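Novice: Look at TrEMBL and you will find 226-502 tagged as domain 'SAM-dependent MTase RsmB/NOP-type'. For 318, 319, 320, 321, 322, 323, 324, 342, 370, 388, the entry in TrEMBL reads S-adenosyl-L-methionine binding site. Taken from TrEMBL, the feature active site, nucleophile applies to 441.
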């Protein structure tokens, strides 16, 4: 049964659906003239703000994710929009990622355009998300202001109340006028170091503590370059899976057939870089069939430093979700063993399923355990041990837009203690003459070089094994470590150190 009800600017459909074995019926209100990608984006942003997962619709379960998002929209807003089309899905991911990245910048503009500070402080969370979307669309996407104002006003009125729509209308119109006059209310970078950091944090939308920390270690010019990189749309890499008989040439042919812009990695033989077109790869089923996987080159370089060889026993200490585990497994060529240890049982389950998909399950054994207890209760020794340590993630802020707002300076102290404890535990699993690789996806020296230096002071039986010959020279530091620079190398920031344990004769 479909009934139409007239509203000033919309209509609803009453749709009866079967949602249980007993064929229970329920009524869903569908509002067709509310922009679906804006409604979805507002609800997604609300979930992120409230601590929900930063789920991406661009996944191999995209349609299931879309249905889940539709349910969230209905529960949050009280109505359903029309289904998302592929273009809408891309817009949701683009707007959500951008609004999260530019949150500090957007909030500064909203606060400046409110009549009173109290108006901003007391603003309803959903209304704030709608304003962030509108300002991002006008300022950063350059969309026509009249269309943005109209669509976001309608969303605010339908999902909240007429007065909320009036506020959106007033703020967005004032913003459009200021943009047209090129006089947005942004701070000037002047004054002492603290004042300059606060201004840069607003203009480039980063936490003040990050700006101050980077400015001290990198200088202001390099810090601005790093923040600009973090605010760009993330690019992706695909790694082909030779265990499925699929080569990089095969992938390149598929990308050419689908007219997806790409370039082969100049650093790693199995990798191809993409700036756009991931949705086409998902729809083609390449990920679902295990022919390739999404993996950054920085992760590939860490595996190159481990240098897995057929027949070896390798322990991956913090394995899940398993990108490096799976890459190492493919290089064992069905000969050898990888013990994938992780404290998260659910993520290990995903790793196990993916290993079957990629035809490498025979060399992977998953172990649900805290590494610190695992090394006490197990006497095994491995040829090579990889500790991809939990870290701040300061090297992946382009891809993980939400991380910058979820990290505090105090977190680094806690992480350093955890990294030291895991480092010590991992070292007990390395046989004499074996290799221990410590890696992070951070660019902070306190999590990287300083952790290695502290470890070597505690463990003189280990020495640095320089990574020359394992990775290209442009990534090698004077200490013999591997370090990727997001700005310089156009990939995630990361660090890796290769250490060797002395043989019996020297210890």
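Each Cβ is built from the backbone N, Cα and C atoms, and glycine gets one as well.
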Novice: By Cβ count within 10 Å, point out the most packed of the recorded positions listed: 318, 320, 441.
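Specialist: The residue with the most neighbouring Cβ atoms within 10 Å is 441.
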Novice: Could you give the maximum C-alpha to C-alpha distance in Å for the residues 318, 319, 320, 321, 322, 323, 324, 342, 370, 388 that bind S-adenosyl-L-methionine per the record?
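Specialist: Largest pairwise Cα separation, rounded: 19 Å.
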Novice: Hey, how far is residue 324 (S-adenosyl-L-methionine binding site) from residue 441 (active site, nucleophile), Cα to Cα, in Å?
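Specialist: Their Cα atoms are separated by 12 Å.
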Novice: List the same-chain residues at least 6 positions away in sequence whose Cβ sits under 8 Å from the Cβ of residue 322 (S-adenosyl-L-methionine binding site), in sequence order, or say none.
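Specialist: Listed in sequence order, they are 340, 347, 350, 351, 354, 355.
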Novice: Sort out the sequence-distant neighbours of residue 370 (S-adenosyl-L-methionine binding site) for me: same chain, 6+ apart, CB within less than 8 Å of its CB, listed by position.
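Specialist: The answer is 343.
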Novice: Validating a neighbour-count step here. Other CB atoms within 10 A of the CB of residue 324 (S-adenosyl-L-methionine binding site): how many?
Specialist: 24
